[in-house]
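Features as listed in TrEMBL:
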DOMAIN    63-221  domain 'CP-type G'
DOMAIN    72-219  domain 'EngC GTPase'
BINDING   112, 113, 114, 115, 164, 165, 166, 167, 168, 169, 170, 171, 172  GTP binding site
BINDING   245, 250, 252, 258  Zn(2+) binding site
Ligand SMILES: Nc1nc2c(ncn2[C@@H]2O[C@H](COP(=O)(O)OP(=O)(O)OP(=O)(O)O)[C@@H](O)[C@H]2O)c(=O)[nH]1
Ligand SMILES: [Mg+2]
Ligand SMILES: [Zn+2]
């Protein structure tokens, strides 16, 4: 029998079969010796023991694997971003888009809380920036169901991770999509960063013919090791213009004759995006300096 690992807790893997049954499984003893580490998202073969339990006998090849959060075969991420409460940070948004680009994951942006005061104004300002860059942009009020159809279309048939900062509405979204997920949603106070209701492990929930997972957020670990000169390739428009840049290894910050700077000056590159880029270059330079 073949199934998908939807959850992993203290040595047990929960494998969902095609008929919807979920079996609690152990991995074959030999996996450890061979350094095979089954992940949530893996397609696996199992031997069933009775109707509730089984043993994983084979892990199918993965097309992708994230380390933190540990999930295999993710097709795409929905970057959940709240327009207000917590307020939108373009810097955080651009940084997360760059991090997802580094992980090679397709990404859509889901702006939440469109129902709250001033959210529409913020949305009108930022939405064109990202649609222009060919990101799929969804507008959502998960509480009242606004935008749910486009969300369903986005999720259909894919394995999707919901990611984004604390308090933006990921768990609320999951609970709306999959009521039985029992996702914990927190009320955001100003400093509820490490609140007990924050999601801590990854679980895939079947939705339409795909899966959705709420994630505790992406690790910055690999990103911090990125060479500052590579950052431009993770910003779609900067990557495009840097092809015309005269300088190899140009950081696109000071040199005259830099095609990216010229595009910023003529407003072909949006200033807020460029600001995020510059700030990130500085962060990466500082991270690099700390390593030596
Ligand atoms: N007005 C409004 N409130 C929302 C919406 N979506 C979520 N909320 C509220 O925002 C708060 C935080 O939502 P959560 O779903 O817990 O946020 P989260 O992204 O899961 O946060 P973490 O688990 O900490 O990462 C809750 O009080 C939700 O009720 C929305 O579309 N509109
Ligand atoms: Mg949550
Ligand atoms: Zn340049």
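Keep in mind that glycine also has a Cβ here, set from the backbone N, Cα and C atoms.
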- Message: Near ligand 1, which of the binding-site residues show up if the criterion is a Cβ under 6 Å from one of its atoms? Options: 172, 245, 252.
- Response: 172
- Item | Neighbourhood of ligand 2 - binding-site residues from 164, 168, 245, 250, 252 with Cβ under 6 Å | none
- Query: For the binding-site residues listed here, 114, 168, 245, 250, 258, which shows the highest count of neighbouring CB atoms within 10 A?
  - Reply: 168
- Take the Cβ of residue 172 (GTP binding site) and count every other Cβ within 10 Å, whichever protein chain it belongs to. 20
- Query: In the structure shown, which of the binding-site residues 112, 166 has the fewest Cβ neighbours within 10 Å?
  - Reply: 166
- Task: Could you say which of the binding-site residues 170, 252 has its Cβ with the most other Cβ atoms inside 10 Å?
- Result: 170
- Message: On average, what pLDDT score does this prediction assign to the domain 'CP-type G' (63-221)?
- Response: 87
- Taking the residues the record says bind GTP (112, 113, 114, 115, 164, 165, 166, 167, 168, 169, 170, 171, 172), how far apart in Å are the two Cα atoms that sit farthest from each other? 19
- Task: Compare the C-alpha of residue 168 (GTP binding site) with the C-alpha of each of the binding-site residues 245, 250, 252, and give the closest one.
- Result: 252
- Item | the domain 'EngC GTPase' (72-219) - residue tally per DSSP class, helix then strand then coil | 46 helix, 37 strand, 65 coil
- Taking only the binding-site residues 112, 168, 172, 245, which have a CB closer than 6 angstroms to any atom that belongs to ligand 3? 245
- Query: Which one is closest to residue 172 (GTP binding site) in space, judged by CA to CA distance, out of the binding-site residues 245, 250, 252, 258?
  - Reply: 252
